[in-house]
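To start, the structure itself, in structure tokens.
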Amino acid sequence: MKPSTEWWRYLAPLAVIAIIALIPVPAGLESHTWLYFAVFTGVIVGLILEPVPGAVVAMVGISIIAILSPWLLFSPEQLAQPGFKFTAKSLSWAVSGFSNSVIWLIFAAFMFGTGYEKTGLGRRIALILVKKMGHRTLFLGYAVMFSELILAPVTPSNSARGAGIIYPIIRNLPPLYQSQPNDSSSRSIGSYIMWMGIVADCVTSAIFLTAMAPNLLLIGLMKSASHATLSWGDWFLGMLPLSILLVLLVPWLAYVLYPPVLKSGDQVPRWAETELQAMGPLCSREKRMLGLMVGALVLWIFGGDYIDAAMVGYSVVALMLLLRIISWDDIVSNKAAWNVFFWLASLITLATGLNNTGFISWFGKLLAGSLSGYSPTIVMVALIVVFYLLRYFFASATAYTSALAPMMIAAALAMPEIPLPVFCLMVGAAIGLGSILTPYATGPSPIYYGSGYLPTVDYWRLGAIFGLIFLVLLVITGLLWMPVVLL
């Protein structure tokens, strides 16, 4: 697209800010709160349209609010307090997101992913599973799922995991059986494998807190609005029954609903064996990497009472540097990690301001009045269903989470009977699982969609079927299991 045709992407966020700012301030809100909300909404529109990278959009929004803080961030009462310096306070607010533990946890997880990539351990694990399980097409589907499952806890970019590690491996498999893209032979085995690639990425993105950046964004938003949080272990245990069910069910379900013509063969295991021989035996760097990852997972699951999850990640990254698994240049040059670091920290800062100015509490009271008289369970399920279905309207999981999660959290806070940890975990799971609905929902989606093995009609049909199954199972386990371990 030519720059001259993109002007509207720049003007739309500004127009939204202006329109909201000109609307009379609603009853119960102060003027600075309403103006803050106007800028916040403009940032969300900017994240959706992306005239510039998302991190830049968020930083511009923070800059506007901080510079105009006497009118957008602070109340007249605050400004009138003796010794109150809005310049220092606004700067402190602007950079507050960078001290959030969630930010450093996801940054550490990105470095773990770099270690997997540099040592070749991630590729080796996937090839071993393909070699051992690739004799039957159904088992090959499980190999794809297990590969994603092993990589997910330490790869917070589902795009890097799905499109960067798994896809480059599995795209080599269909041609071994003369299953070609954009051809009638694609259904031989290629279509099943490619569908398993994207559906496994979506499932594993929901299983672990550190499997997808928006999961951590949600926790940051939750903490800024309520001071409550979910640890890595809370997320893992809360998702455990649903995780086991989906990991075991999905490959078989895909096999039944989108059956491959070819049921078995030896070409894939032989190819994987050749690739493994080319890699050579497990080297010392891979062994060190494996040991550190196992240690990190153990501490994340069982060490919550003794050490913060972010501190675990921070310490493991330091050990990775000392053990020469990664270099300092790897950290400095990791554009993806720094990109997420900046936009996630900036969005958490903006969400904190939304709460500090009183908008969240006002919106919660507004919802409380409209939701009164309904069962908390019915309200919770209805909110999850609405949140899930709105995924159709977003091409970015980050924009989706940034736009809707604060409203979902405010709605839950409006009804004290709704258990916030359970509700937020259901919202978090919906972010990952709902990514299966469309071929544009998350980073790897267009990669698999564009592989030539997944026709448009098939993708939308399977997305709707699997999406519905995921939603039903999420609601059931959310109501029956999550309260047992989270409350």
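Including glycine, each Cβ sits where the backbone N, Cα and C put it.
Sequence annotations record features per position, and here Swiss-Prot assigns transmembrane segment to 33-53 (among others).
Positions annotated as transmembrane segment by Swiss-Prot: 54-74 (among others). Outside the transmembrane segment (54-74) by six or more residues, the chain places 13, 31-32, 35-36, 39-40, 42-43, 46-47, 84, 86, 89-91, 93-94, 339, 342-343, 346-347, 349-350, 353, 356-357, 396, 398-399 with a CB less than 8 A from a CB of the stretch.
With a cut-off of 8 Å between Cβ atoms, the residues of this chain six or more beyond the transmembrane segment (93-113) that come close are 62-63, 65-66, 69, 73, 122, 151, 154-157, 160-161, 210, 213, 216-217, 219-220, 223, 232, 293, 296, 308-310, 312-314, 316-317, 320, 326, 330-331, 334, 336-337, 340-341, 344-349, 352-353, 356. Annotation comment: Swiss-Prot describes 93-113 (among others) as transmembrane segment.
If you look up Swiss-Prot, you'll see 137-157 (among others) marked as transmembrane segment, on the strength of sequence analysis.
According to Swiss-Prot, the transmembrane segment annotation covers 189-209 (among others), on the basis of sequence analysis. If you look at the transmembrane segment (189-209), the same-chain residues 6 or more away from its ends with a CB under 8 A from one of its CBs are 137, 140-141, 144-145, 147-149, 151-153, 158, 161-162, 166-167, 170, 173-174, 177, 179-181, 215-216, 219, 230-232, 235-236, 239, 242-243, 246-247, 250-251, 254-255, 258-262, 265, 428-433, 435-436, 442, 444-445, 448-449, 451, 453-454, 458, 462, 466, 470.
According to Swiss-Prot, the feature transmembrane segment maps to 236-256 (among others), an assignment based on sequence analysis.
Residues or ranges marked as transmembrane segment by Swiss-Prot on the basis of sequence analysis: 292-312 (among others).
Marked as transmembrane segment by Swiss-Prot: 313-333 (among others).
Marked as transmembrane segment by Swiss-Prot: 340-360 (among others).
Tertiary proximity for the transmembrane segment (370-390) is limited to same-chain residues at least six positions away from its ends with a CB under 8 Å from its CB atoms, namely 400, 404, 408, 411-412, 414-415, 417-418, 422-423, 426-427, 430, 433-434, 467, 471, 474-475, 478-479. Per Swiss-Prot, transmembrane segment is recorded for 370-390 (among others), and the stated evidence type is sequence analysis.
Residues 158, 198-199, 201-207, 209, 211-212, 214-215, 218-219, 222, 226, 228, 230, 234-235, 238-239, 242, 376, 379-380, 383-384, 387-388, 391-392, 397, 400-401, 405, 408-409, 412, 445, 460, 463-464, 466-467, 470-471, 474-475, 478, 482-483, 486-487 of the same chain lie 6 or more positions beyond the ends of the transmembrane segment (418-438) yet place their CB under 8 Å from a CB of it. Under the heading transmembrane segment, Swiss-Prot lists 418-438 (among others), citing sequence analysis as support.
The annotation transmembrane segment is assigned in Swiss-Prot to 465-485 (among others).
When each of 33-53, 313-333, 465-485 is scored by its Cβ pairs under 8 Å to the transmembrane segment (236-256), the top-ranked stretch turns out to be 465-485. Nonlocal intrachain contacts for the transmembrane segment (292-312), taken as residues 6+ away from its ends with a CB within less than 8 angstroms of a stretch CB, comprise 101-102, 104-105, 108, 112, 115-116, 153-154, 210, 231-234, 236, 319-320, 323, 325. A contact links the transmembrane segment (33-53) to the transmembrane segment (340-360), because at least 3 Cβ pairs that are 6 or more residues apart lie under 8 A.
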